[in-house]
Structures are given as C-alpha cells and as structure tokens.
Amino acid sequence: MVFLRRVSSVALPRGPAIFVRPALIRSLALAGVVLSVLCALCLGRYPLSPLRVLGVFGHFLHLSAGVDPLAQVVVMQARLPRILAALLVGSALSCGGATYQAVFRNPLVSPDLLGVLSGAAFGAALAIVSGGSAFVVQMGAFGGGLLAVGCGLLISRTLPGGGILALLLGGLIGNAIFTALLSLVKYLADPMDQLPAIVDWLLGSLAPSGWHELAWVSGPLIILTMALVLCAPVLDVLSLGDDEARSLGVSVRVMRPVLIVLATLACAMTISMAGIIGWIGLLVPHVARLLVGAEHRNMMPVTALLGAGGLVLADTCARSLTTGEVPLGIVTQLFGALAFVLVLRRLRGGMA
Amino acid sequence: MTLLSCRNLDFRQPRQAGFVLEDIDLSLREGELVGLLGLNGAGKSTLLRLLMGFLTPSTGEVFLEGRSLREWPASAIARHLAYVPQSHVATFPYTVRRMVELGRVPHSGLMGRLSPQDGRTVAAALERMGLERFADRPVTELSGGERQRVVLARAIAQDARGLLLDEPMTGLDYGYQLRLMALLAELAREGRLVMLTSHRPEELYAYASRVLVLDHGRIEADGPPQDVVTAQRMSALYGVPLMQMDHAGNRFFHQERNEK
C-alpha cells in the first residue's frame, strides 16, 4: 500500500504545469497569426487603415452598406489571396521541415534534403525555357520535385544496408543529378529573357499568387499539413531510431516512407506556388521546440502556426520595405539565417 | 512456458561470405534470466536482433509463443517483447517522462491518450530506475548512464513478458549495475523472460538462471551457470588463463599469475 501511494503521488502532479503551457503558447501563436494577417492587410505600397480593411470585410459579409472601391480591390484582389498563400506555404513548409527532422533524426535537416528543391527548380526552368505558361511552370516545378525525390529513393534502394544512411546518400546523389541538369538548362537558356525568368523564379515570391493560383493548391495543401500535424505522435517514436521504434511496435518500413511522401508532396506544392523559400522549414521547428518542448504532439501545431504567421510577416516585409519588391526567398533566407543564430545560442545541450 | 524459440537459425550479412550466426537452436522460457556471453563480434547483438524480428534470418525461423514471428503484427510483438539497445542516441530533447511514456505505445496505440493506469505504470518505472527527480528534464541534458536508465525504464514500462537487453550495464555506475542485476532477477521471478548480453561472467553466475556462450557464431555452451561459467571454459573463451574462487554462492575469477 505504501508503495502504491508513493506511486500515485508521483503520477498525479503532472497537471497544469505541463498541460497549460503548450495550450497557452498555442493560443498566443494563433493570436500572433491573426495579428500578422491584419498587419499584412493594412501595410503595403498603398497603406490602409485597419478601419478601412474592416469596412471591406463588413461589406463582404453584408454588414455595412458603404463601398470603398479602392480598399475593396486592394484587400480582396491583391492582398488577401497572397496572405492566404503565405499562410498555407508557411505552415506546410514548417511542418514538412519538422517531419523531415524527426524522420531523419537530425535537427539540422530541411525538407529539401532528398532533392525536392533542385528537382523543382529543374522542372520549372525546363518549363520556362520551353515557353510554357505560368500554370505549366507550376506543374513543371511540382513534377520535377517529385521526380527528383523519386530518383533519390530509387537510388537508395540499390545501396546496401538500407536505413537512413542509404536514404541520405540516395538523396545526395539525386540532388547532384538535378542540380547538374538545372545548370545545363540555365546554360542553354536564352540569356536575354529566359535566364532572367529562371533566376527570378528561383528567388521565390508570392507575387503571382491570385485566387486562380490558390484554387488548385489550397485544398491538397491544407489536407497534407493537417495530416502531418495529426501524425505528430508517430514522429516521437520514429525519431528514436529504427530498432527502438520497431521494439515499440511501429513499422518503420511503412511509416517512414509514408511520412516522407506526405512531407515531400507538401513541400513540392509550396515550391510550385511560391518558388524556393528557404530556411522556414529548418528554422520554425526549432523555435517551436524552444517554446513548447520537443514532444511532437505539442510542437507540431505550434510549428504550423508560427510558420504561417512568420511567412505572412516575411512576405509583408518583402513587398513593403522598398518601393519595388524584394523576392521573398531573399527575405526568408536573410532573416532566417540571422534568427537561426539566436535559436542555436538558446539550445544549450540540445544540439546533437 | 516457452515464450521465444528458434530452430536452425542461420544469419549471414548480404554480400558477405561466412555466417554471422550458424545453426542456432534455442528455447527460452518465461521466468528464466538468460545471460549471453561471447567475445566482441561473436554475434550476441545479432542474435538479440534476430529474436526481436529486427533482422530476418537467412534460414530457419524465430517463434513467439510457438507462432512464427513473421505472422505477428509489429504492435503485438511489442506487447510481448521489450528491447534495450546497446546505446541510445538522444537527438531531440524529449522529457524523461515522455521517453518512458513511449513504452506504453504498444498498449495505448500511437494516437491514444494514456490512461491513469498507464500513468501509474510509467511512474513506477521511473521510480524503479531512480528517475523521479529527472522526470521533466530533457534527455539530451543527461549523462550516458542516466540516459541508459531512461531506456531501461521505458522497457520496464512496456510491461512485456520478455525483456531483451543488449549490454545493459554499459555506462551505468557501480551502484546501478548491481541494482539492475537485482531488478532483472526480480523481473524474472515475476515470471518474465529476461535475456541479456554481458561481458561479466561473475555477475551472470550470481544472478542468471541460465548462461549461453556464443563463439564463432555457434552456441558453444548452454546450461545453468554452475556448469557453464567455469574457469576452464572462460579461460578457453577469452584466451586468458583464469583461476576461480567460490565464495558464498558467488564465483570470482582472477588471472593466473606466475608469482616468483
């Protein structure tokens, strides 16, 4: 009896202290996302007061009669689709990054590990050179990304030993092949108009995101991101290593490829929509871990929210810092790298 | 009752000549504390990983409760067998409690919440390994030995009928080495099968109910410790001349020395 009492007194105190914090951080992150969306609606080349923005939504919901035609166009046609795109891309990239880090048991991995970026860049470049429309470029990027990852996975199957090392090497080789192919396309491209178009695409931007571009991507992207968030408990087990995961009854041979495919699909869709947006997938999971700990059930929702809000802010900076537009890829790369220094300094013993 | 057995088990690495393990016949019963001795590279870890189903034998088969291991779903195996690897690499700073809670995954399912009963099992496992104070610390901040205790606590929380441990003493301080052996003996007395690889014949003599000697991929000896852990056999196995000394149910070895 004494033994039992002691045990239950150990079991019970895990109440508020542990449960409230992730919930609190989640609410704060959600509030942050709403705030960043509001900021993004107001700021830009044509600044709008929050009241005018709210007026547009009031009109949209038939709450107010008065029409503010200019604000209407700016909010509904220019800014809102772009902000929605940033929300989707940011959360998908961050969740994809967190998934890759857990599956590959390496916190310094980003979702382009298996070559999705180089493949997508090659596909898009090829589409640009062959004079395809914007939609063809999107599909080229998507297909190229999947093709490269598929190649990497196929190559890894032929390597002896299997496991994570073979996957990494397969990805490395696939990456190299498609980087070379991209260089070839660039070399052959017309330096007057095609090459600048390729370079422009590679820098990444949400500028072309309108309702049309959103239409076909948003559904799958939301589903993929939600699937990744729901799979969070699996990530805890997979990140222990193959033998330990198997000893806990998780089939590594099934779950690992499934998660890699989900994360890769999400990543390829973001690339086809916005080009190459670096550092979000690497950085945001680290920030989430600092806030709520490593347990994926807690950190994945926060990762999704932070990624969404963060990219909205980055995109707002990209389009309003200067009179022209700085490509979003440059903004995330620059701020991401600087922020990563701060995160790494806070990690203490957490670096592996 | 026989929990785990294998017949004519061979294992060879792909694209390599020669067997790692050859012709292994074993029948492991519940309530046994089985020690596995052998030189470095004798195939001890490989044998454990074959018995867990992590590796597929080249020929022969492993049986869990008389049914081929290949017919068992992974989660059902995990409810029957727990495994402690030689070393655990902590990549992410999960809390100690979360790590031990993962031992309940085979019972509660991956997505399921832990029941109060699960919580008590986890707390008991933490206490058995002396980890209550560490429960909310990240595993990445612990020393190697403390981390080893976390993995042991997880295996205990798994509440399986068989427990396979690959050199569980590695990195433990002397006190926990002794406590772990006593704990493993206790788990065996509770009616579980406990099997561990070890480089310490003296400890196996004191605690194990059965000792296996693996040499060049074959089982060279299998029996109660009094018969297997002898100076003669240990000298032959390790290539070092040894003398034995029995005292109060223990057997100690020391090197034969030509004194004067």
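Cβ from N, Cα, C; glycine included.
Note: TrEMBL annotation is automatic and uncurated.
Copied from TrEMBL, the annotated features are:
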TRANSMEM  A:23-44  transmembrane segment
TRANSMEM  A:83-100  transmembrane segment
TRANSMEM  A:112-129  transmembrane segment
TRANSMEM  A:135-155  transmembrane segment
TRANSMEM  A:162-185  transmembrane segment
TRANSMEM  A:214-238  transmembrane segment
TRANSMEM  A:258-282  transmembrane segment
TRANSMEM  A:326-344  transmembrane segment
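Counted over residue pairs 6 or more apart, the CB atoms of the transmembrane segment (A:214-238) and the transmembrane segment (A:83-100) come under 8 Å in at least three pairs, which marks the two as touching.
The stretch in A:112-129, A:135-155, A:162-185, A:258-282, A:326-344 that contributes the largest number of Cβ pairs under 8 Å to the transmembrane segment (A:83-100) is A:258-282. Between the transmembrane segment (A:112-129) and the transmembrane segment (A:326-344), the number of CB pairs under 8 angstroms, six or more residues apart, is fewer than three, so the stretches are not in contact. Touching of the transmembrane segment (A:258-282) and the transmembrane segment (A:23-44) is ruled out by the presence of fewer than three CB pairs under 8 A, sequence neighbours closer than 6 excluded. Here the transmembrane segment (A:162-185) has Cβ contacts under 8 Å with residues 104-105, 113-115, 118-119, 121-122, 125-126, 129, 144, 148-149, 151-156, 198, 242 of the same chain, all six or more residues outside its ends.
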